[in-house]
Amino acid sequence: MNACVRAAACLLIGFSLHAVADGDAAAGQGKAAICAACHGADGNSAVPQWPKIAGQHEDYLLRQQLLIKSGARPVPEMVGIVAGLNEQDMADLAAWFSEQEPQDAVADEALVEAGRSLWRAGNAESGVPACMACHGPAGEGNPLAGYPRLAGQHAVYTASMLTRFRSGENWGPKDANSHVMNGAASELTDEEIEAVSSYIQGLHLTLE
């Protein structure tokens with residue numbers, strides 16, 4: 001059973017978001033200043049250790065805030081921020097940042113070939129699945145399945161997350177997708193992580 005099928009099965013047996021009111025992007029804009037120091041005023045972070053959240057799927061952004069607030073996803077830098085947010089605040093912020101335009105970036109030319117191969121085909125010898133099977137050919141993700149947009153994400157941040165997933169970090173029994181990533185990343189080498197992370201940074205939601 002491939003990684004995406006496993007995730008879908010887990011979703012059917014218990015993965016769900018808390019029910020909250022729809023997010024209000026205009027209200028989110030008024031609350032977004034608390035996010036700007038790390039993620040940028042429009043969700044395009046200037047520091048590559050912090051993820052770009054501009055253009056990310058609304059439900060995914062909400063889900064991550066809920067996971068962090070619950071303690072299931074360990075992000076110490078955000079604990080104090082989400083502590084002061086209720087679910088409507090988080091929904092509003094998710095709506096605002098999902099509507100922002102993500103800035104394009106470029107890949108390291110020396111790593112493009114290796115990164116493209118992993119993205120499109122994985123590594124059959126070691127059992128690494130193709131990234132695009134879940135995240136889409138151009139890195140657009142799949143909002144219905146909870147798979148995030150990756151196109152244009154900072155390579156430094158992506159590499160950090162892949163390394164953590166490889167080590168076994170996940171976000172608890174109610175978050176199926178992080179467990180899927182444990183399996184997907186388990187056999188990645190450091191060199192493969194560097195290459196595919198760079199390739200992801202250069203994706204522009206166009207097939208290249």
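Any Cβ shown, glycine's included, is placed from N, Cα and C.
TrEMBL annotations: computationally assigned, not manually curated.
Note that the structure is a prediction, hence the values are computed from the model and not measured.
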Heme c 2 site partner of CYS131, CYS134, HIS135 (as recorded in TrEMBL), chosen from MET90, MET181: MET181
Annotated heme c 1 contacts CYS35, CYS38, HIS39, MET78, maximal Cα-Cα distance (Å, integer): 11
Number of helical, extended and coil residues in the domain 'Cytochrome c' (110-204), per DSSP: 51 helix, 4 strand, 40 coil
Rounded Cα-Cα span from HIS135 (heme c 2 binding site) to CYS38 (heme c 1 binding site), Å: 25
